[in-house]
């Protein structure tokens with residue numbers, strides 16, 4: 001009797017790769033099964049939690065999507081993908097204010113990731129669309145409130161008694177703050193809240209009902225509760241410097257114009273940055289460079305009040321200009337721009353920007369054949385790497401430079417480090433690159449038996465990716 005063929009062992013990396021592929025094809029239910037199985041093998045993996053959260057969101061399961069995003073942040077509070085996914089889920093749920101908080105938090109941590117700025121823009125627009133212009137919303141004692149039925153004195157006293165006997169919890173929730181504080185927090189809405197509170201003192205009106213049978217007291221209390229909620233939210237989330245800034249504008253009598261100008265500047269910057277990156281991605285490096293240089297000149301004319309993250313944006317523009325020069329083959333200009341980005345980042349203590357600049361400088365050195373300078377630059381970046389995937393790439397590039405310098409032992413060492421990081425991440429593609437690097441180093445060291453074994457392992461990885469070009473190269 002023929003032996004049954006052994007089923008392939010499911011690994012974390014294979015499950016992640018299969019789940020991602022299924023999700024891209026729109027088969028989110030099947031992808032969800034892969035991610036569930038992957039988390040059984042590696043419980044609490046933050047990257048897997050985020051991919052599953054995205055899957056839940058595509059399926060409309062916002063509750064589980066939010067749970068996975070929050071679970072990833074419990075593991076790493078500064079995980080940018082976790083912050084972004086939580087913000088996206090909250091936005092989908094309609095919690096635009098809280099989504100805005102996490103978009104801002106992500107942008108502060110990673111100003112180089114522009115999707116946080118785009119998230120801020122869409123959340124702000126959603127809030128404005130929901131609330132409208134506060135100056136245009138004024139409550140009036142309209143005809144609707146006049147259709148009331150007068151109640152007998154006994155029932156009015158009974159209802160008043162019930163209102164007085166409400167639980168202490170409700171009274172605590174509607175407890176007033178000082179008028180000065182409330183006025184600062186609510187702005188123009190403060191007048192509406194004062195009007196509603198004045199209506200509460202009209203006992204006859206409060207006991208009446210509208211034509212639809214809704215008690216006027218319930219409508220008024222709902223309005224006050226909503227305004228209290230807005231007040232409490234902004235007290236918790238709105239930074240103090242923003243309140244001071246707005247107070248100064250109020251004193252100058254031009255708060256609205258200034259806020260509109262700041263909003264327009266923010267939208268303009270976000271759009272320009274997106275255009276610059278899109279031009280480079282489409283192969284229009286010259287146009288991307290021209291737009292970035294034009295925006296850099298505009299940036300010099302704005303104050304830090306108008307653009308709070310001005311320092312990060314200036315460094316980012318130098319980086320974009322450097323990448324455009326690199327794409328055009330202008331190596332010296334590219335190196336100068338990336339060095340300006342590095343100097344600016346160090347001067348302003350921007351850790352993420354320092355990491356980005358070192359990354360780009362190493363690329364330029366490697367392209368022009370200055371492999372030792374590339375190695376020195378990238379080795380300086382190693383402590384700043386924020387994920388196993390980033391380390392896998394970084395170790396591979398350093399190992400490749402050592403191979404170019406005929407330092408096979410160092411190349412093999414970094415190749416093995418790259419493979420270890422790729423295994424931690426479960427990334428099949430970088431497992432493939434690292435295994436090939438180790439095998440090539442072993443060939444130079446004349447350790448042919450080990451090299452053959454690693455080339456065979458790499459061939460199996462190439463079939464999983466899949467990559468026909470990689471398979472043919474390995475076989476050759």
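Keep in mind that glycine also has a Cβ here, set from the backbone N, Cα and C atoms.
In TrEMBL, the coiled coil annotation falls on 438-465 of the listed ranges 410-437, 438-465. Annotated range for region 'Disordered' in TrEMBL, selecting from 100-127, 128-155, 156-183: 156-183. Taking Cβ pairs closer than 8 Å, the coiled coil (438-465) reaches residues 14, 17, 399, 403, 406, 408-409, 411-412, 415-416, 419, 428-429, 431-432, 471, 474-475 in its own chain, all 6 or more past its ends. Helix, strand and coil content of the repeat 'TPR' (355-388), in residues and according to DSSP, is 28 helix, 0 strand, 6 coil.
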